[in-house]
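Notes follow once the structure below has been shown.
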Amino acid sequence: MNGKTPKAQGFRQSQAGLHTWTGLLVGWILYLIFLSGAVSYWREEITRWTQPEIGATHDVETVARGAIAHLQTVAPKAASWSIALPDERASGATATFREKARPAPRRGVDPNAVTIGPDGKVVQPRDTEGGDVFYRLHFDLRYVPVIWGRWVAGFCAMFMLVAIVSGVITHKKIFADFFTFRPGKGQRSWLDGHNALAVLALPFHAMITYTGLVTLMVLYVPWGVAANYPSKTAYYAQSITRAKPVKPTGEAAALADIGAVLKTAERAWEGGHAGLIRIDAPNDVAARITLTRRASDTLVDGRWEIVFEGVTGQIRSQVAPSSSGMIARGGMIGLHAGRFAPMTLRWLFFLSGLAGTAMVATGLVLWIAKRRQKLADPSRPHFGFRLVERLNIGAIAGLPAAMAVFLWANRLLPTGMAGRGDWEVHVMFIAWSGLLLHGFARPPRRGWIEQLALTAVLLAGLPAFNLVATQRGIVSSLMAGDMSMAVMDLVLLGLGAAFAAMAFGVARHRPAVPKVRTPRPAPTAPNAAQPMAARQPEEVEA
Amino acid sequence: MTLLAFLFCMGGFAALSLAMPRHHAALVGGPLASRRRLGLKLAGWSGLALGLAASLAAWGLAWGVIGWLGLLTTAAAPVLLAHTWWPRAKP
């Protein structure tokens, strides 16, 4: 490769090769990471949608009081209580307690945890992972040990970074083609679309990939820690200081009013809000209340804490992110996760995330479109071509369908079912496996049409089902002023319509330049795999 | 204020795209005089700058810049689509 090409075009050519193959190798996983990441900007909203039993939270103080009242009745002598409070986007609080002052298990179901509804009463929502499914999938993947998932995600992100840089270098006319999209021209259109999606959202793509690596940097680049600390535990012990356990005296005393404590914290944080209440040794003279600030409060993801005397409600101590390194890292994590983002910004993040998803998808399809022209015998493409072509169907059209299946499982599985929350996820992956196989079993063109249409029906059917079969249809959500439920239904409908348009586009698409080939029907029609460019076929002629 | 920022950015991109001979020919027709080109470029960059100012006013310093970048993306998209389908719609 090095010696054969002239030097002038050698560098860009080499970057093109690098871009193509780095992109292809991790493309399908990147697609999954991008799509699950984009929808994770609505993690709280999805969780709310999957637990319609809990209504919208209007007043956090009511919820906090309700949680404490519940804990007073079930565990007045516990070692500690903790209450995770909702923010504007979430609903309901989680209240739990610990009998003894030892750390809780990191994972698994907490038998003491209950959900407190907006009215301060205990509610029993259906068992589901909600929006956390997609959030976890985004960097942990699934069915593999978490650490492996994170290494794979990091590997893909590193390749993505390489693909971004080499893509920019190899793009011939990044400014001249800035506003250019020529539909209905096969490979040309795919390249235009891929370029437009990449260039227009380039700040987002670069930011999200880089900061994504930063979120798990201690895992990927452990040497800084290894060089400066005797062990990982020592590093965490210093960087995440934990309060010493409180020893109860045995002398009973009433707790300070939680409403007043919350207000004091709000003043100390200059308008900030508590996300987590932890009460050590409740109902004891030595009681201590620790408030942790909401992650959605500040751009910098970091630990803000205020510790109060449990009985008097006086501030004992405060913690805020201080070292510039921690603030820089926290800022990047905050930027990546967008927890801070106000609604408009959140939409911009989401749309940019979808642009990234579509960029990866168009890149994968482009690989096929580019090679289709050069096939020696189009009716019998080689193995690699067929593999990529078929995987594209089940990945690009199949994953959104499977994600919709998750939401359907959430609505349809019986509420009392054992392991219900897990089965929602199993059903999603069973559906996805089926669709991946379907992509191989059907002729590619039919495969695209069927899967895109299926995705459209699954997505658009959800709001319809909500309207007809549940109490939380779009009409009642709007009447109740519950905007996030209503908007989620509308977005599902809109996405369904978009997939329907793509399915119709592929179905109506007639290849512009029919190549001479053996008279076999549709199966390997050139450009069959072109849902997006095919959307406006008649305009091409106009 | 956010909407205003978006409109500034979109207007800026529209002017910048028209300052490019190819798009100018397709949408407006006729040759692009160098003075007009300069004017369009100036208007375009000012639009983007005003968009930044409005974003800062809407979101403050830290989030304003992030929001502006997001708006640039979403504002360039309709301009791109207009250039794709507008010339085709003309007789």
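Quick reminder: no glycine exception, Cβ is built from N, Cα and C everywhere.
Taken from TrEMBL as is:
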type: COMPBIAS; residues: A:525-535; note: compositional bias 'Low complexity'
type: REGION; residues: A:514-542; note: region 'Disordered'
type: TRANSMEM; residues: A:21-42; note: transmembrane segment
type: TRANSMEM; residues: A:151-175; note: transmembrane segment
type: TRANSMEM; residues: A:196-221; note: transmembrane segment
type: TRANSMEM; residues: A:347-369; note: transmembrane segment
type: TRANSMEM; residues: A:390-411; note: transmembrane segment
type: TRANSMEM; residues: A:423-440; note: transmembrane segment
type: TRANSMEM; residues: A:452-474; note: transmembrane segment
type: TRANSMEM; residues: A:486-507; note: transmembrane segment
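Of the Cβ pairs linking the transmembrane segment (A:21-42) with the transmembrane segment (A:423-440) and spaced 6 or more residues apart, fewer than 3 are under 8 Å, so the two regions do not touch.
Scored by C-beta pairs under 8 angstroms, the transmembrane segment (A:486-507) has its highest count with A:390-411, from the stretches A:151-175, A:196-221, A:347-369, A:390-411, A:423-440. Contact between the transmembrane segment (A:452-474) and the transmembrane segment (A:347-369) does not hold: fewer than three of their C-beta pairs are under 8 Å, each pair 6 or more apart in sequence.
Listed by sequence, the residues of this chain that lie at least six past the ends of the transmembrane segment (A:423-440) yet keep a Cβ under 8 A from its Cβ atoms are 128-129, 133, 142-143, 390-395, 397-399, 401-403, 405-406, 409-410, 413, 417, 447, 450-451, 454.
Cβ atoms under 8 Å from those of the transmembrane segment (A:347-369) belong to residues 20, 23-24, 27-28, 30-31, 34-35, 37-39, 41-42, 186-187, 190-191, 193-194, 197-198, 200-201, 204-205, 208, 338, 341, 385, 388-389, 392, 395-396, 527, 529-530, 532 of the same chain, restricted to positions at least 6 beyond its ends. Beyond the transmembrane segment (A:390-411), the same-chain residues lying 6 or more positions past its ends with a Cβ under 8 Å from any Cβ of the stretch are 28, 31-32, 35-36, 39, 49-50, 126, 128, 133-134, 361, 364-365, 368, 423-425, 427-429, 431-432, 435-440, 444, 447-448, 451-452, 454-455, 458-459, 461-462, 465-466, 469-470, 492, 495, 499, 529, 531.
Listed by sequence, the residues of this chain that lie at least six past the ends of the transmembrane segment (A:151-175) yet keep a Cβ under 8 A from its Cβ atoms are 11-12, 15-16, 18-19, 22-23, 25-26, 29-30, 33, 138-141, 144, 195, 198-199, 202, 205-206, 209-210, 212-213, 216, 219-220. Here the transmembrane segment (A:196-221) has long-range neighbours at 37, 139, 147, 150-151, 153-154, 157-158, 160-161, 164, 167-168, 171, 174, 178, 180-181, 235, 329, 332-333, 335-337, 349, 352-353, 355-356, 358-359, 362, meaning same-chain residues at least 6 beyond its ends whose C-beta is under 8 angstroms from one of its own.
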